[in-house]
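Have a look at the structure below, then the notes.
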Amino acid sequence: MKTLLFLSCIVVAAYCACNDNLESVLDKYRNREIDSEAAELDGDDLIDYVNENQNLWTAKKQRRFSSVYGENDKAKWGLMGVNHVRLSVKGKQHLSKTKDLDLDIPESFDSRDNWPKCDSIKVIRDQSSCGSCWAFGAVEAMSDRICIASHGELQVTLSADDLLSCCKSCGFGCNGGDPLAAWRYWVKDGIVTGSNYTANNGCKPYPFPPCEHHSKKTHFDPCPHDLYPTPKCEKKCVSDYTDKTYSEDKFFGASAYGVKDDVEAIQKELMTHGPLEIAFEVYEDFLNYDGGVYVHTGGKLGGGHAVKLIGWGIDDGIPYWTVANSWNTDWGEDGFFRILRGVDECGIESGVVGGIPKLNSLTSRLHRHHRRHVYDDNY
């Protein structure tokens, strides 16, 4: 008995010491200030400053944000299609109830490993030259949650084009939108299927081609200098999609909600229902992210960006979130990035939204679904 008590004390002491160390790390970043001169840097000067003044992540010139746009800041920052990254007062009135669950939260979690049957979780899409991140973050997480709710039986890709072009309450299409409004639209109006431009599958595939975002020459054409105009809302499927009509192809949500701006609340929701849409503030240095755990180090604020949260972990004592971006697979860590967790870095823990698929609609589809996959590596 004494031995067990002694061992228990050791475990508790180790746990407390670990938490104390973690808090001291977080305090360092929570209370930091960005040097005023660093905040004004851009281009090679900013990249050099980032790489010389911290060791959590590396910066590298990204072709899309340098040679393509150059000084056209309006076009460059137009890709950041979220005006307000934090949940509004109204958005906080309807929060996920998973925050009240009694769950053991692991040190690390990855949706790709937890739900291996769901191919959509692994997919990186490309928003091209359109400020449609708010729509991509939404349909990506919705697609994942449909698969998870159906225990891997329904593998679908919801259409970013359908949401982007037809949700008038969401905002301004390629000029930005509201993530929570996108999830509410899913509940009220439903969203049809639609793959990326290259795969060209589903009812409404994405209308804009992938383009070169990156630091080295790729097989994609350079991104257009200006943003694409918002597509016209077409409430019909493309001509070569004959599986279902537009209305028959829709998937609906049962609920849409915000998630409390608390690390454990976010983790519980992610563990329970799957990937989430999150928004955060993008600074100039983030555009040049090439790997590691991102912390804002320099450069000016450009705008708000929406992405898909899939997990978390710790790297050499630094806690992070794992996130899927929509700038293709050659950006960052194969299209993903990691960002400091626990200090609301760039507001990333203050604008988390999600929802639940409408289960009765999923059940009826399971009886006639043929497991048609619409994923393609050629994004």
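Glycine too: its Cβ is placed from the backbone N, Cα and C atoms.
Per Swiss-Prot, signal peptide is recorded for 1-16.
Counting every protein chain shown, the number of other Cβ atoms lying within 10 Å of the Cβ of C118 (disulfide bond) is 24. For the recorded site, C118 (disulfide bond), the DSSP three-state label reads coil. Marked as disulfide bond by Swiss-Prot on the basis of similarity to another entry: C118-C147 (among others).
The annotation disulfide bond is assigned in Swiss-Prot to C130-C174 (among others). Look at C174 (disulfide bond): DSSP puts it in a helix. The 10 Å shell around the Cβ of C174 (disulfide bond) contains 24 further Cβ atoms across the protein chains shown.
The active site annotation in Swiss-Prot covers C133 (among others), and the record cites similarity to another entry as its basis. For C133 (active site), the number of other Cβ atoms no farther than 10 Å from its own Cβ, over all displayed protein chains, is 29. According to DSSP, C133 (active site) sits within a helical segment.
Annotated disulfide bond per Swiss-Prot: C166-C233 (among others), in sequence order. Non-local contacts of C233 (disulfide bond) by the CB criterion (under 8 A, 6+ apart in sequence, same chain) comprise S165, C166, K168.
Sequence-distant contacts of C167 (disulfide bond), defined by Cβ-Cβ distance under 8 angstroms and a gap of at least six in the same chain, are A135, G177, A181, A182, Y185, D189. Feature annotation from Swiss-Prot assigns disulfide bond to C167-C170 (among others); the stated evidence is similarity to another entry.
Positions annotated as N-linked glycosylation site by Swiss-Prot: N196 (among others). Of all Cβ atoms in the shown protein chains, 26 besides its own fall within 10 Å of the Cβ of N196 (N-linked glycosylation site).
Classification of N201 (N-linked glycosylation site) by DSSP places it in coil, neither helical nor stranded. Positions annotated as N-linked glycosylation site by Swiss-Prot, on the basis of experimental evidence: N201 (among others).
Residues annotated as disulfide bond in Swiss-Prot: C203-C237 (among others). Long-range Cβ neighbours of C237 (disulfide bond) (same chain, at least 6 residues apart, Cβ-Cβ under 8 Å): V192, C203, K204, K244, T245, Y246, D249.
Swiss-Prot lists C211-C223 (among others) with the feature disulfide bond. Cβ neighbour count for C211 (disulfide bond): 22 (other Cβ atoms within 10 Å of its Cβ, all protein chains included).
Positions annotated as active site by Swiss-Prot: H305 (among others). Sequence-distant neighbours of H305 (active site): residues of the same chain at least 6 apart with a C-beta under 8 Å from its C-beta are L79, M80, G81, V82, V85, C133, A279, F280, E281, V282.
Under the DSSP three-state reduction, N325 (active site) is assigned to coil, being neither helix nor strand. Annotation source Swiss-Prot lists active site at N325 (among others), citing similarity to another entry.
Nearest by CA distance to N201 (N-linked glycosylation site), out of the recorded positions C118, C223, N325, is C118. Per Cα geometry, C130 is the residue among the disulfide-bonded residues C130, C147, C211, C223 nearest to C170 (disulfide bond). Cα separation, C174 (disulfide bond) to C223 (disulfide bond), rounded: 15 Å. The disulfide-bonded residues in question are C147, C166, C203, and the one with the fewest Cβ neighbours inside 10 Å is C166. Fewest other C-beta atoms within 10 Å: among the disulfide-bonded residues C130, C170, C223, that description fits C170.
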